[in-house]
Amino acid sequence: MALREIIILPDKQLRLVSKPIEKVTTEIRKLADDMFETMYDAPGIGLAAIQIAQPLRLITMDLAKRDENGETKPEPRVFINPEVIASSEELSVYEEGCLSIPEYYEEVERPAKVRVRFTDLDGKVHEEDAEGLYATCIQHEIDHLNGVLFVDYLSKLKRDRVLKKFEKAAKRAE
């Protein structure tokens, strides 16, 4: 496993539409391992491959829960070629953040429940219903695969303010 660099807004790669994965290979498994290491190190709960400059339809996620003793139990999940195949009309609002837009959080409204189809690392296709944080996180990460960022859901004024802030920071870093 290896830590990868997370690309940051305004990197134009974040706007790429990621390519489907044709076959689960050793390279894809290694990429998923690297993504988990990078995600846990950041720390974050979800990471799309494009966030480490790999334009592939691959997501890692861990919405670890605490057990009755207060211990956190990791729940690493891999989603290959994920897609939302149904969503509720009911909406929910969660405060979202993003490893590619560090230290910026904003409330985003999304469907409260979604049905997701994806392939796992064994090549098996699954369909699952997601709600709550799981629904929000999977939609956020699938958006990344389509070149969409959570700030795209904000008002034009807020979105433009965030984009300008990160563009200025990138220029200062050059």
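Numbering starts at 1 and runs along the chain as displayed.
Cβ atoms are placed via backbone N, Cα and C, with glycine included.
Features reported for this protein in Swiss-Prot:
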type	residues	note
BINDING	Cys98, His140, His144	Fe cation binding site
ACT_SITE	Glu141	active site
Cβ-centroid neighbourhood (8 Å) of the Fe cation site, Cys98, His140, His144 excluded: Gly46, Ala48, Gln51, Glu96, Leu99, Ser100, Glu141, Asp143, Leu149, Phe150
Integer Cα-Cα distance in angstrom, the residue listed as 'active site' to Cys98 (Fe cation binding site): 9
For Cys98 (Fe cation binding site), the number of other Cβ atoms found within 10 Å of its own Cβ: 25
Cβ neighbour count (within 10 Å, all chains shown) around His140 (Fe cation binding site): 24
Residues satisfying Cβ distance under 8 Å from His144 (Fe cation binding site), sequence separation of at least 6: Leu14, Ser18, Ala48, Ile50, Gln51, Ile59, Ser100
Other CB atoms within 10 A, centred on Glu141 (active site): 23
